[in-house]
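**Q** Have a look at the structure that comes next, please.
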């Protein structure tokens, strides 16, 4: 019979075991069963029998088929050193527990508590003593362990971080890999922009992530220092592939190859988690400092070296696609960055070799020299390693020429003096009165301690001073004056050149007529002047009068505090200003002018480019002939102009003249306050207007034009789309060639036109020309005032008319056409239904093909026709052709009217119920009347019979006085009897009387006659 088992928890062994479905826990009713160690053997037998049953039924995953096909299969279990096995092929192994074939190296005879399941060489072992699970696959099918279900892989969760090279990794390790890789790649990109040397360091940092490679063995390890238990999938034939793994979701889940399917071969080659691959790339990049042209080849070699490491990594990691999206993205970024790096390398200036001792412009071995331009003036000092520019060399040449001439003169004078000495020593009339002083030359005077005066009329009065040259004077302590008429009066000052002057402490004046009067000032060049404290003037006729100012270049002038003027005729007069370029001017405080004729006159202004001008406060002009005159304005581009306050002009010939305006694009113009013009030839002239698109125009206040040739001229208008036009106030045109010319009009769709005030046209070629009209749908037309046309090709031409549906037409004033091809041409008419027609005034047609032609007529129903005036046709095919009639059918197609309420008023219709009730009442009345008639007839018949009976009584004969008689009669079955008497009173007077009886009625009568 069938046996059903369930899993229970064994407290003794701390494992799950199989038990009978009827087993219960200690304590009676419970949801679990606890097995004791004493009954473990029986329970394990049941477990293994259950497992064997599952294998036989093919429900234990991929092992079922293998077990059924195996030549020798069985199970073994041991507990406390004892084993229990049965023998037989396909059953229990008699010697299975001692077989050497059990997961070699994993289970030995010394193991005391373990359960084994085997089918040929394919085995599963639960090692209780070690707390491990072992898998082994046979040699026939390869070293593959597959986990799957009916629909795909199986999720392997609770996976500890892998340690050894053949360990599986979990999601957390892969996420760490992705993060560290992305970080390394980002570092690569940043380092490339900074320098090639920092790129090497950033790439090396990639190796410290979760995936590393041993430089000597090339082995790859994943999370080598990660703690946790071990799941070992190795077998007798070495490491094996783990297959059938579902896509990992949680942090500790294993990942499968499917999740890495999106990583292309080039991407895999681009990722080098191996330290040797990264080292190769790093070495190549370092070598690129000497010859960057080889970077591409070296990088390719380094990446190719890492390819084998990636293949191993792919095998170990078992891949992922969904959960390493960021890794794939990062690698794509690497490819892009490397491509950009190669492009950048072609123009990089690099060292000739790794020693970084030489740089050859143009590349090592290139014979053609390279021009180095725009070199700033280098610092001239004993310890300076700065490069000097042509201007400094020119000044040096001039000084050298002057000094050479002076030296020639002095040598000539010295020669003459020496010749004079040979004749007479008395020719030297110099005076050296200072301690250790020296005076050489006519009237030379050295009065300072350790001073030296060398030259005619030279004077060295300062301690440790030196005066060399005719009329040279060094009066400052530690001062030096070299050159004819040179003067060094400041402490530690130096004057070098004809008529040069260094009066400031620690000042230096070099060049003919050079003057350094400020403290710590430096003047270099003919007629150069440095009068400000810590100022520097470098160049012919250069002037640095501001404190901490610098003037470099012929006629350069830096008069502002902390100002810098660089270039011929450059001027920096503002505090903290900078002028860089020929004839550049920076007069505003904190201003910067860069470029020939550049001018920055506004406070905090910046002018960059030839003839650029920034005159507004905080303004910026960037580009040839650009102008930024408004406060906080910005002009970028050739001939760009930003004259409005807070305005921005970007692009060639762009103009932003309005306050807070923005012009972006060649020839763009933003003249309105708070206006924005974006796009070539765009214009935004209205206040708060916006023009976005080539040749777009927004001239109305608060208007917006978006699209090529779009135009918004109306106040608060909006035009969106190519060639769209919104000219009406508060109008909106949306769509190519759309037009909204009416005030408050809206046109939406290609070629849509809303020309009426408050009109709305929606749909391609839709037109709304009437005031407050609405046209919706392709080719819809609403020309009447307050008209509505909704539907393709619909038309509403009457005032207050409405047409809804394709090709619907409402021509009459106040008319309504609803339905495809519906026509309402009569005034106040309504046509509802496809093909319905309401042509009569105030007529209504409801239903497909219905027709109401009579004035005030109503046709309801498919094909219904109401042609009579005030007629009504109700129902499909009904015809009302007569005036003031209601028809519910047609000739031959009459129909009943059902569910009619009982009429109340005199003109109400009555229903059959009311009619039946009336007929019944009349019938009852008729019945009553008939009874009365019958009674009357009976009475009449009786009366006739009674009267007849009276007449039948004979009269009194002549000559007789009295006659008494009886009579009888019958009329229509009614019998009567009569008694009468006649008396002759006189000859001339006669009396007659009688009574008659018929049924229940009596008739009597009397009479008298007089005869003569």
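Every residue number used here counts from 1 along the chain in the order it is shown.
The backbone N, Cα and C atoms fix where each Cβ goes, and this holds for glycine too.
Annotation source Swiss-Prot lists compositional bias 'Polar residues' at 427-442, 505-519, 589-603, 631-645. The compositional bias 'Low complexity' annotation in Swiss-Prot covers 443-504, 520-588, 604-630, 646-700, 708-746. Swiss-Prot lists 72-921 with the feature region 'Surface exposed passenger domain', giving similarity to another entry as the kind of evidence. What Swiss-Prot records for 922-959 is region 'Outer membrane translocation of the passenger domain'. Annotated region 'Translocator domain' per Swiss-Prot: 960-1012, in sequence order.
For the listed features, I'd like the structural context: burial, neighbours, distances.
**A** With helix defined as DSSP H, G or I and strand as E or B, the compositional bias 'Polar residues' (505-519) counts 0 helix, 5 strand, 10 coil.
If you look at the compositional bias 'Polar residues' (589-603), the same-chain residues 6 or more away from its ends with a CB under 8 A from one of its CBs are 560, 567, 570, 572, 574-583, 609-619, 621, 624, 628-629, 631.
Counting residue by residue with DSSP, the compositional bias 'Low complexity' (604-630) contains 0 helix, 10 strand, 17 coil.
Listed as Cβ neighbours of the compositional bias 'Polar residues' (631-645) (distance under 8 Å, sequence separation of 6 or more from its ends, same chain) are residues 602, 609, 612, 614, 616-625, 651-661, 663, 666, 670, 673.
Per-residue confidence over the region 'Surface exposed passenger domain' (72-921) averages 76 (mean pLDDT, predicted model).
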**Q** Near the compositional bias 'Polar residues' (505-519), which residues from the same chain, at least 6 beyond its ends, have a CB less than 8 A from one of its CBs?
**A** 395, 398-399, 402, 476, 483, 486, 488, 490-499, 525-535, 537, 540, 544-545, 547
**Q** Same chain, outside the compositional bias 'Low complexity' (604-630) by at least 6, Cβ under 8 Å from its Cβ: which residues?
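**A** Same-chain residues near the compositional bias 'Low complexity' (604-630) but 6 or more away: 581, 584, 586, 588-598, 636-647, 649, 652, 656, 659.
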**Q** Just to be sure I understand, if DSSP states are collapsed into helix, strand and coil, how many residues of the region 'Outer membrane translocation of the passenger domain' (922-959) fall in each?
**A** 30 helix, 0 strand, 8 coil
**Q** As a test: from 520-588, 646-700, 708-746, pick the stretch that has the greatest number of Cβ pairs under 8 Å with the compositional bias 'Low complexity' (443-504).
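**A** If we count Cβ pairs closer than 8 Å to the compositional bias 'Low complexity' (443-504), 520-588 scores highest.
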**Q** Do you know the DSSP helix, strand and coil residue counts for the compositional bias 'Low complexity' (646-700)?
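**A** Counts, helix then strand then coil: 0 helix, 20 strand, 35 coil.
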